Amino acid sequence: MRVLVKLSGEALSGEGGRGFDPERVNYIVTEIKSVVEEGFKIGIVVGAGNLFRGVELKNLTMARADQIGLLGTVMNSVYLKDIFERSGLKARIYSQIVNLPDVERVNYDSIESALRENSILIFAGGTSNPFFTTDTAAVLRAQEMKAKLVVKATKVDGVYDKDPKKFPDAKKIPHLTFSEAMKMGLKVMDAEAFALCKKLGITVKVINFFEPGTLLKALKGEDVGSTVVPD
């Protein structure tokens with residue numbers, strides 16, 4: 001089974017939300033390694049929120065601020081590749097925006113070869129264009145690696161009808177369609193990512209990634225998180 005895991009940049013950082021936290025990164029490696037060892041083929045799209053925040057770039061034009069963010073995802077991807085390999089895992093980085101020794105251009109034959117050798121695919125640089133989120137990039141890259149499931153790794157155990165951090169009476173919604181999520185105004189992903197999921201027939205699973213073992217449970221079909229399906 002092929003799966004694209006969407007990680008936020010903040011997932012790599014500690015409580016301060018900046019830079020790289022060794023304990024947090026080691027946790028990510030442990031969770032990803034557990035699913036690779038079970039035979040799942042994994043792709044990853046990571047954000048850059050641990051390196052750059054939109055508010056810090058507010059004096060720039062949006063296009064240039066987005067370009068800085070895209071480069072931040074490359075930095076995070078190179079970091080992850082090194083950590084994965086030092087943990088005994090194979091990993092390859094694909095991007096359309098940079099030419100570095102450790103970064104390959106997106107190539108479908110190369111992606112298939114990497115998956116056959118059980119390499120983790122790390123997709124850097126978003127969609128390669130400004131104005132698109134890493135959510136949209138995750139769906140696009142899932143299609144390129146022929147995955148029909150995107151796992152959105154969050155700190156919340158699924159989709160709720162309102163913010164559970166602000167509203168104690170928030171109710172979890174274990175299963176819904178993209179149209180329902182959009183109609184309810186739920187911010188699971190942005191509208192462009194939703195539209196692409198609907199068009200391509202890709203399912204999104206929202207989980208609390210930081211509950212140990214939840215990723216593996218989700219991929220094995222156990223009742224964790226929330227599932228958003230095409231209409």
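Don't overthink the numbers, they just go from 1 along the chain as shown.
Backbone N, Cα and C define each Cβ position, glycine as well.
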Determine which of ASP66, ASP82, ASP169, ASP223 appears in Swiss-Prot for the same UMP site as THR127, SER128, ASN129, PRO130, PHE131, PHE132, THR133, THR134. ASP66
Just to verify: the residue among ASP66, ASP163 with the fewest other Cβ atoms within 10 Å, which of the binding-site residues is it? ASP163
Out of ASP66, SER128, PRO130, PHE132, THR134, the binding-site residues in the record, which is closest to LYS6 (ATP binding site) when you go by Cα distance? THR134
